Amino acid sequence: MSIDNLMVFTGNANPRLASDVVRHLNIHLGRATVSRFSDGEVMVEILENVRGKDVFVLQSTCQPTNDTLMEVMVMVDALKRASAGRITAAIPYYGYARQDRRTRSARVAITAKVVANMLQVAGIDRLLTMDLHSDQIQGFFDVPVDNIYSSPILLGDIWKRNHPDLVVVSPDVGGVVRARAIAKRLECDLAIIDKRRPKPNVAKVMHIIGDVKDRTCIIMDDMVDTANTLCEAANALKEHGAKKVMAYCTHAVLSGSAAERVTNSALDELVITDTIPMRDDARACAKIRQLSVAELLAETIRRISNEDSVSSLFME
């Protein structure tokens, strides 16, 4: 499809990111009203012609998660009923992704699958997301899924700063594949933190696998929520002799007093992206720095619309 046929709409979750993306695409942001009825129900009205258009609904399903998710689904339905040609849900931060399986046969929902079902019933033809919490969530969809990575942005920042004696640290066993790929690109060593989770959002560091003494440690993770895990990891690394500890996390959920926790921790710097808008307390934290993924998202959207390769963006 031609760039002339491309349209991008957004809700209330992260309008600044959407504005930055369309600026890089050199198009205007689609006009729509996203409001609430008096009882809190979401109401969406599309204010321009979308018939036959290649439409992207760009919105992270971040806090308030249920509201932002519902905005996406109602907007998708509105676009479908307005005869949009193709609808891609561009959800940089895919909320509810952490509940992606039943652990130890617990009587719990698999919410990542529930959301996938809801989006497809609403009428999406494709999903674009970034740094999914679990790659296998792509298999929950029966439509094409493009799970892109923030690594070009994060790696560029790390290279620019030219840290000496670098070691990439995975905050847990589940993040080893991601951390190993980054370590390979940086041509540096890998360390792994062995942690236990007695309950959600609580982690206890048991062991550190690898040499971190007198090294600059870079913790890589897909998201930071309460920052408990991150701060515990930073403390443990410093106790094992690390000279400096930095963290790079794509999705800055930063719930509750996370920013204050980062301020008071052994962490030297937390680098995040703008998939989720920064809260005021995070913006005021001297240790937190934000990078933008707008240009990367814009290029991915352009390639999808033009039927060009997306994976070649991330090839070595």
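Glycine residues also receive a Cβ, built from the backbone N, Cα and C atoms like all the rest.
The feature active site is assigned by TrEMBL to LYS195. DSSP assigns LYS195 (active site) to a strand segment in the three-state reduction. Counted within 10 Å of its Cβ, the other Cβ atoms near LYS195 (active site) come to 18, all protein chains included.
Feature annotation from TrEMBL assigns ATP binding site to ASP39, GLY40, GLU41, ARG98, GLN99. Long-range C-beta contacts of GLY40 (ATP binding site), restricted to its own chain and to partners at least six residues apart, with a cutoff below 8 Å, are absent. Under DSSP, GLY40 (ATP binding site) is assigned to coil, being neither helix nor strand in the three-state scheme.
In sequence order, TYR94, ALA97, ARG98, ASP100, ALA112, ASP222, MET223 make up the list of same-chain residues 6 or more apart from HIS133 (Mg(2+) binding site) whose Cβ falls under 8 Å from its Cβ. Secondary structure at HIS133 (Mg(2+) binding site), taken from DSSP and collapsed to helix, strand or coil, is coil. Summarising the annotation, TrEMBL assigns Mg(2+) binding site to HIS133, ASP172.
Classification of ALA227 (D-ribose 5-phosphate binding site) by DSSP places it in coil, neither helical nor stranded. What TrEMBL records for ARG197, ASP221, ASP225, THR226, ALA227, ASN228, THR229 is D-ribose 5-phosphate binding site.
Look at TrEMBL and you will find 6-123 tagged as domain 'Ribose-phosphate pyrophosphokinase N-terminal'. Looking just at the domain 'Ribose-phosphate pyrophosphokinase N-terminal' (6-123), the mean pLDDT is 96.
Ranking the binding-site residues ASP39, GLU41, ASP172, ASP221, ASP225 by how many Cβ atoms sit within 10 Å of each one's Cβ puts ASP221 at the top.
Calculated from their C-alpha atoms, the gap between GLN99 (ATP binding site) and ASP221 (D-ribose 5-phosphate binding site) amounts to 17 Å.
Geometry remark: LYS195 (active site) versus ASN228 (D-ribose 5-phosphate binding site), CA distance 12 Å. Of the residues the record lists as binding ATP, namely ASP39, GLY40, GLU41, ARG98, GLN99, the two whose Cα atoms sit farthest apart are 30 Å from each other. Taken through DSSP, the domain 'Ribose-phosphate pyrophosphokinase N-terminal' (6-123) splits into 43 helix, 28 strand, 47 coil. Counting in whole angstrom, ASP221 (D-ribose 5-phosphate binding site) lies 9 from ASP172 (Mg(2+) binding site) by their C-alpha atoms.
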